[in-house]
Amino acid sequence: MREQAPALLAVAAGGIVGALARYGIAVTVSGPHDGFPVATFGINVLGCLLIGALMALPVKGLRRPFLGTGVLGGFTTFSGYAVETERLLAGGHLLTAALYVFGTLLAALAAVVLGARLAR
């Protein structure tokens, strides 16, 4: 465990940065609970774009766990995605929920591919 301490600290520090960035964006771009969750959608797509680029770049040492698992893991939010989908469904917004679920999946995959290609 002792040999993993630097990586654990890098992930923890990155997680703080990513979570604070996500919170700042969510507060700035918040919208109505029955509307399309623009902030979480944008955060997750941007995070996927950046993780795609990170995958393709020759990042060495502690930068990869700091940026990938830490910053981008703290930045993106699958739990927020699930909660917002449930709120839309509970509010009877089936079409918006479906667009959000499938739009996020497609946009996230496209962003990872684009990020990897741009970084190469």
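Cβ atoms here come from the backbone N, Cα and C positions, even for glycine.
According to TrEMBL, the features are:
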type: TRANSMEM; residues: 36-59; note: transmembrane segment
type: TRANSMEM; residues: 66-83; note: transmembrane segment
type: BINDING; residues: Gly73, Thr76; note: Na(+) binding site
type: TRANSMEM; residues: 95-116; note: transmembrane segment
Distant-in-sequence Cβ neighbours of Thr76 (Na(+) binding site), under 8 Å, six or more positions away: Gly18, Arg22, Ile43, Asn44, Gly47, Cys48, Ile51
Distal contacts, the transmembrane segment (36-59) - CB-CB under 8 A, six or more residues away: 22, 25-26, 28-30, 67-68, 72, 75-78, 80-81, 84, 88, 96, 99-100, 103-104, 107-109, 111-120
Mapped DSSP class for Gly73 (Na(+) binding site), helix or strand or coil: helix
Protein Cβ atoms within 10 Å of Gly73 (Na(+) binding site), excluding its own: 18
